[in-house]
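Chemist: According to TrEMBL, the protein has these features:
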TRANSMEM  A:12-36  transmembrane segment
TRANSMEM  A:56-72  transmembrane segment
TRANSMEM  A:84-101  transmembrane segment
TRANSMEM  A:149-182  transmembrane segment
TRANSMEM  A:189-206  transmembrane segment
TRANSMEM  A:237-260  transmembrane segment
TRANSMEM  A:348-369  transmembrane segment
TRANSMEM  A:381-408  transmembrane segment
TRANSMEM  A:414-435  transmembrane segment
Amino acid sequence: MSRNQPLISKGVDTLMIWLYLLLVGIGILAIFAVTYREGDPVAGSFLSFKTDYSKQLFYFVLAAIIGVFILVTDSKFFTATANIWYAFGILLMLLVFPFHSNVKGTESIIRFGGFQFQPAEFCKVSVCLALSKYLSRPDTDFTKGRSQLIAAAIAISPALLSILQSETGLALVYFAFFLVMYREGLPPTILVIGFSVAVLVIATILMEPNTLAIILTVIAGLAAWVMRRQIRRRKSVLVSLVAIWLLCVGIQRFAVPFIFQNVLQKHQVERIFTLFGKENPYTGIPGELVEAGAKKEGVSDYNVKQSKIAIGSGGLLGKGLLNGTQTRYDFVPEQRTDFIFCTIGEGFGFVGTTLLLLIYLFLLFRIVIVAERQRSAFSRVYAYGVASVFFFHIGINVAMTVGLAPVIGIPLPFISYGGTALITFTILLFILIRLDADRQMVLR
Amino acid sequence: MSVFNQSRSYIIRIIFLVTFFVIIAQLFNLQVLSSKYQQLAQENAVFRKTVYPPRGIVYDRKNRAIVNNTLIYDLMVTPSEMRNVDTAYMCQLLEIDTADFKKRIITAIVKNGRYRPSAFEPLLAPEKYARLEENMWRFGSGFFLQERPVRTYPYNAGAHFMGYIGEADSGIIARSGGFYQPGDYVGRSGIEAFYERILMGQRGVQYLIKDNKNRLVGSYEGGEFDSAALAGRGVRTFIDIEVQALAEKLMTNKVGAVVAIEPKTGGIIAMTSGPNFSPEALTGTNFKKTYSKFVLDVSRPLLNRAIKGQYPPGSTFKPLGGLVALDEGLITPGFGYPCGGRYYACGIGKPACTHSGGGHAANLRLAIANSCNSYFTHVYRMAVDNPRIGNHKDGYAKWKDYMNAFGLGIRLGVDLPSEDKGNIPDTSKYNKVYRNVWSSCTNLTLGIGQDMMTATPLQLANAMCIIANKGYYYTPHIVKNVDNETPQDTILHKFRKKHEVLTHIPDSAYNAVIWGMQDVVTNGTARAAAIPGINLCAKTGTAQNFRFIGGKKIELNENSMFVCFAPRENPKIAVAVVVENAGFGSTAAAPIASLLVEKYLNDTLRPESVKKAEAMAAKNLMPSILKREQFIADSTRAYEWYRITHDSSYIRKFWRRTAEENKPRTDSADKKKVDSPQKQKAPERVVYQKLEAINPDQKILYPRKQPIPHVA
């Protein structure tokens, strides 16, 4: 220990650490509000490791220790080992296939001892690092299609594995990395096309197939009329127009039904249709399946309804901590984990929820600002990766609880109950803080 | 590279901002703009538990409790907490089998869910309760005993006017506009129904928090919104429970009614209807058993004939006829009519009179004492053909106004639900029936209380009150006052209003009639009713009684009627008694009324009266026709059941009675009935034999409404 040894705290962004502690604190409080029952000894049960809030406290201590370890690690370690992390993450996900234990319908959890571990959760860190590594390579020219494809493959591979493990919710998170790629020069047309496809899929869900086909045809006709001069000059424009029209109708007519029937699971399709207030038309032909589907639909409908009731009943100022009737008495399912936002909504009202969202927004903006001040591309890409993952988690989770998104089981960063999630988010954030502390360095 | 694409950093920030803004907008919509979620949350989580107060107690005029509350227990079960249950022992205690036990548990789960208690066996009989209570430890925490207040009747009397309480049905719930909820107990008839809001007290409400499985987990907001239950207030009645009990005893095995009123206040001293039943029959566990039995009984024990029985008043009407004529100045108390045994003035020699000659109708007093039909027919005709009015229709209308003033043909407004108003036909009714061509001769028997005239026993007793009071009455009522009465209790106000309907009739006219009525007892038709030391004023009546069965008119034994008040000098009680199918007024009704007056005024019965009472109570005067009616009703119902369900278990009973298997069952059923040895009067038996077979198409699923006895 020489005097020249830099302090751990040197260059560390304390604001982010404060935000982190604030959010974890809110999280433990919210879990406490859900699980505490009148008469429980508060101090005792916090240390007993029997209640959820004491477990979460324990996870936090564990995460904090890991965080400190990360802070004392050399930044170069992360750039150097990024690919190994990725390989390790993928290996873990592959290990799931032979060793998974079936918990709550997902096959993505490995269990050893009393602990459960979800590699798909942890793999976010790997992807984030690997993507940063790849994009920051001097010989990567991200304007080239090949590089874009490789970057996309790095991001999507764990997602595909996750889908194979019936964990579509987490798989969706990996699509958040397209936001990073966009920042790094992915042509906006890809995002526009992605957005268009999303609109088309939603329209397919909402509209009669024939009506939509007619509308698409009319749009194509209008486009042809508007571009009639170009068409007269170059026949290829017309060809591509017809091709786009065919593609759209194909997606609407065949691709979407195919995905709903064969790729997605029944309950996921139900959730999507529930979101739009529609009945699922793709229930299987056998009578039993129809019935099972109807039941599932009721359940996913119930979740959102109860969640909305809980949040809505909070009003402007909320009922106060421990006074929420909906969240305290188990009306909202999964309220410690995916629906933890309800507890805050009911207990602290509109003021509380807005405040929480502003804290999150502040954190995201802070990360973007931190990203932009990096000298090394690796750190910048990594920071955007963290921001994207956080943004996706927060956005989907909160939108789900207020009925704006389908029910996708992904946790709210730092607040939802769950060890893997908390530790993963902590690792994500603290690697960023470590990298940011060395922002003057050029890392490769 | 860092500078490259930097503008996209702002686009990403805008994406973040827009997304958060959309979410916050939705939160604002959910939490601030929309108020329905608060209510939904309330319904989700708050359980409104009603706390039932004990019902008010009913006291008689001597402040003896005649309706009280007792506790009875329900065996409750919470299916989710059933552990270590000694099922076999419980089944043994409750006298059920294990299959039944399982069925009940499943029913409980279906009804209230696993986590909430349901009644496993409601309203335990006392001995079952005692046995269970001792052995509750054997059945774990899933079972417990819950108390529930039930009505009890210390004097075991007054079933008809007290009514009963029962669960609110959908009609009551709908009419109450949400005040009552399914499972609430409400007064279903009698004063239990009329004074429901006073007797029920104020229900308390407890708000409890429930969780997603409907388990109650504590009080809501520390009980801030809870309201305590207020016990129902007691009511003090005019009933003399001993007189009431005597009246019921005397009316056993008789069809008819007794009403006794205190003329000075309109307070009802006793009111019963025959056939009567113990009020305990409709409480707690008994209700289920007895109610359906009573409903299916053609003698209709649930019918309160005192306010719903419509009888031609017969001769008991005569004092009123005399008063009308006296008030109109048509006759004087000295007016006499030369009756030779029949009334010939309308050329048909009807009605006949029990007496002939001897000046038995030489004046009003004598005419009343001897109950001269010709005299009162004539007096009636004089009133209708009143020379001052000049037109028989207007004359009749005037006469009808008098009747309404006497309380006949109108609802008196007694404090019991569904009182009937009897019948004093309108002029238009006669116009319609006789195609506008009628005279005082057409309906001359109105003068002797027959024709289309009917009255309830309550109205007859009330008319006696008017005579006893010389012109005024108070609306007959049972309840004297309510405990802790406040100005808001307007329910009793109308009973404290004096109705001076006929005070314009001079006292001399009343005195003439009253003396005549006293003569009825001293040396007239009701000598048997005399009570030593009490000047009883009375009038007997014997009204013909018909019943229609299968479209045939059957003449039954006459209804025995008796009205009276006593003592003459200062009337304290007015009584009306009707005993159906009992013959002359003096044979059944008069002794009953006389015994009641004696009991009420002297507070006790003389030894010879006690003997008379026993004899009267032992007399069975149930019309024999009832058996026949019961058979028709039961067999028709069984046939209907068979027709609808093809379940022959009920109809078989009637088949088995067939003497010859091959004959159609209806014929043989008839034959069986006819052959059965019964002590019947000859004319009735003749009618039976003429009766046609039961027509299967004739739907008598339930006992029909009793046809109005009609005198042609």
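Just so it is clear, glycine is given a Cβ too, placed from its N, Cα and C backbone atoms.
Heads up, TrEMBL stuff is auto-annotated, nobody curated it.
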Chemist: The transmembrane segment (A:56-72) and the transmembrane segment (A:414-435): do they have three or more Cβ pairs under 8 Å, with pairs 6 or more apart in sequence?
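Modeler: Answer yes, regions in contact.
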Chemist: Do any residues of this chain, six or more beyond the ends of the transmembrane segment (A:348-369), have a C-beta under 8 angstroms from a C-beta of it, and if so which?
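Modeler: Apart from its flanks, the transmembrane segment (A:348-369) reaches 13, 15-16, 19, 22-23, 26, 311, 314-321, 341, 383-384, 386-387, 390-391, 394, 398, 413, 432.
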Chemist: Please check if the transmembrane segment (A:149-182) comes into contact with the transmembrane segment (A:237-260), where contact means 3 or more CB pairs closer than 8 Å and the residues in each pair are separated by 6 or more positions.
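Modeler: The answer is no, given that the two segments have fewer than 3 Cβ pairs within the 8 Å cut-off.
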Chemist: Report, as numbers and ranges, which residues of the same chain sit near the transmembrane segment (A:84-101): CB under 8 Å and 6 or more residues beyond its ends.
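Modeler: For the transmembrane segment (A:84-101), the nonlocal Cβ contacts are 107-111, 116, 119-120, 122-123, 125-127, 129-130, 154, 157-158, 161-162, 164-165.
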Chemist: For the transmembrane segment (A:237-260), what are the same-chain contacts with Cβ under 8 Å, counting residues 6+ beyond its ends?
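Modeler: Distant Cβ neighbours of the transmembrane segment (A:237-260) are 197, 200-201, 203-205, 209, 212-213, 216-217, 220, 223-224, 227, 230-231, 269, 282.
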Chemist: Taking a Cβ cut-off under 8 Å, which residues six or more beyond the ends of the transmembrane segment (A:381-408) line up next to it in the same chain?
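Modeler: Sequence-remote neighbours of the transmembrane segment (A:381-408) are 78, 124, 127-129, 131-132, 135-136, 168-169, 172-173, 175-177, 179-180, 183-184, 268, 271-272, 274-275, 300, 303-304, 307-308, 311, 338-339, 341-342, 345, 357, 360, 363-364, 367-368, 370-371, 374, 416, 425, 428-429, 431-432, 435-436.
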